[in-house]
Amino acid sequence: MATQVTLVASAFLLVLFLPFSTSISHSHRSAAINLFATSPASLEDAYEALRVFEILGLEEKKTHVSGDACQKVLENLDSASPLKDLFYALKVNSIVKCNVNSNALKDIASRLKATVHDASTLLDIYYSIGGLVLIKDQDFNVDEYLPDVDRLFQSIKALGQSDGRWRYSSDNPESSTYAAGLAIEALAGVISLASSEIDQSKVNIVKNGIVKLFDVIEKYDDGTFYFDEKFVGEEQRSSLSATSSVVRGFTSFAAVTSGEINLPEDKILGLAKFFLGIGIPGDAKDFFDQVESLAFLETNRQVISIPLILSLPETVYSLTKKGQVKVKVNTVLGSAAPPLIVKLAHAFSTGAKDSAIIDSKELQYDQESGFHVLDAFPKNMDVGTYVFVFEIMLHDSGSDKVYATGGQIPVPIYVTGFIKANNAEITVADSDLGRAQTQKKLDVAGNDVVSLSANHLQKLKFSFQLTTPHGHVFKPQQAFFKLRHETKVEHIFVVGNTGKKFEIILDFLGLVEKLFYLSGRYDIELTVGDAVMENSFLRLLGHLDLDLPKAPQKAARPPPPPVDPYSRYGPKEEITHLFRAPEKKPPQNLSLIFLGLILLPSIVFLVGLLRLGANLKNFPSSTVPATFGILFHVGIAGVLLLYVLFWLKLDLFTTLKAFGLLGAFLMFVGHRILSHVAFTSTKLKAA
């Protein structure tokens, strides 16, 4: 039987082939076009689409959205519009540069100034101050400076908590990480709108609050940092949304203040890893939060270190194909890194961390591809899982303050190869004496099968060896020995490792109950698979005719055979139906004669009416009796029409339903008209 990759190993390999820590790439641009393809439903959606297109350099798509966006901006730049709509209208206008009247901006600025001093919630303060900052950047003729900024600064700071989080209002005791980002961004806006310099002690208090907020940051084992949202309000925020809010807040605050914020470099780099580790979000809001946060981390090089991302296009390498380890270093948005050296500090096997197989090796830079390349693996590197520890070293020592390299960067590496299976042997022996009755050798890599027989007083022993390309003993993740009875009942056994070989011994005397006392033919299968094994296989070894004693009355019965899903849910057998041959029809002339006989009573009825002298002299002349008379005759005509329809197309049940309704109608109007005729007749006789 041809070997085939097992399901578990192939699925694991598929995961391993994913790239390591990739920056923003062309895939993000394609995803952005798809996610923001529909017309924005709100100004917030329009801003997110425009901002993403601006960051990713999709000017054509940005122009496509600008037309409809400008119309919405002009409609919402009204003093009566909600604060949130005003805020996002100004944000959209900051990108598309709509033709907004300066007088309208002055009116909006006046409203926002009045609102910010009377606001009681953080969101109202955030939208008001954010709107004034946007007006300041868009029109220099508007007086956007805030009076009494010290009181406003203190009112925002009063909502802060000791752990660096913020509250949405003084009435709400719950603190929020997302609100912290909004508050810090609002404080940055207050500083930029102040007509005079803010007291440096107050600025330092906010900086200390940012540092405290980073003290409660969450961390993964791979060095990824993120902020979690503990607050549960009307709208639950995700970790991505909370982290994005904090990044937007502290980068905005750092941009308007002097001095540095004492934030560890590894945490800034860990935040970049968090955003990039998400991959490509499928939600437009999450996509915007990811891309904009990465843009803030990259573009604020004067206030924070720009993270440099070390990425590998693949982390699985084959000894058979002799692949090369390729490393690329970019910024988070995929821009080129400054001149640098990538050094492989050391590499070790996950099973022997203390012994390094590579120590301090510089990778060669390929200018055409932009990759740093490790030409070949060491000769002593065998199949298995390893950890390569890289270091990024900048050529210019002054760049250390501009870029965050992350120190030593561990990367998991998987080295695959072709595993040899040999010395396979299967034996049937007596249980008591251990004497071999049948012993056969197998070529596991080939297609040969064996035929064996045994009874309940014997044992089955199977052993084989696995060796790597360098001749070392290989221990796979899975090694299963399966017996399948002719009734489809399966029994799976784990093959144990006894040092240099794998071995399993089945004592049938102790397995009779597990085998449900089922005698007969068993198929023998071997499954061997591992993530680093290029030739994982599931192989039929042969057949075993097993003779077991009869089952006692109280013995467990074998489970019912599994239902084949195809037979249960697949297409059913086609049903062929033979219709009865149509009966022979009578001649046409005979049919016409029969039709004439059917119409004959109607002709006789009409002749009879003429002979009897039927007339309309007694038809009622009054309005109401005349109406009932007309309806009665219409009902009679309806009954005749129903007969015709029954003859032509209606079935019996439909006809009876219609006749029931029509009959009730005829009884009513007939009773009324006959009552009138009887009354008139009685009156004439009395006269």
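Including glycine, each Cβ sits where the backbone N, Cα and C put it.
Whatever TrEMBL says is automated annotation, not expert-curated.
Here TrEMBL flags 24-298 as domain 'Ribophorin II N-terminal'.
Look at TrEMBL and you will find 308-415 tagged as domain 'Ribophorin II second'. Taking DSSP states H, G and I as helix and E and B as strand, the domain 'Ribophorin II second' (308-415) has 5 helix, 65 strand, 38 coil.
Here the domain 'Ribophorin II third' (423-546) is broken down by DSSP into helix, strand and coil counts: 4 helix, 74 strand, 46 coil. Under the heading domain 'Ribophorin II third', TrEMBL lists 423-546.
Taken residue by residue, the domain 'Ribophorin II C-terminal' (579-678) breaks down under DSSP into 78 helix, 0 strand, 22 coil. Annotated domain 'Ribophorin II C-terminal' per TrEMBL: 579-678, in sequence order.
According to TrEMBL, the signal peptide annotation covers 1-23.
Look at TrEMBL and you will find 590-612 (among others) tagged as transmembrane segment.
Summarising the annotation, TrEMBL assigns transmembrane segment to 624-646 (among others).
Look at TrEMBL and you will find 658-679 (among others) tagged as transmembrane segment. Sequence-distant neighbours of the transmembrane segment (658-679) (same chain, 6+ residues past either end, Cβ-Cβ under 8 Å): 618, 620, 625, 628-629, 631-632, 635-636, 638-639, 642, 650.
Here the transmembrane segment (624-646) has long-range neighbours at 652, 655, 658-659, 662, 665-666, 669-670, 672-673, 676, meaning same-chain residues at least 6 beyond its ends whose C-beta is under 8 angstroms from one of its own. Predicted-model confidence for the domain 'Ribophorin II second' (308-415) is 89, expressed as mean pLDDT.
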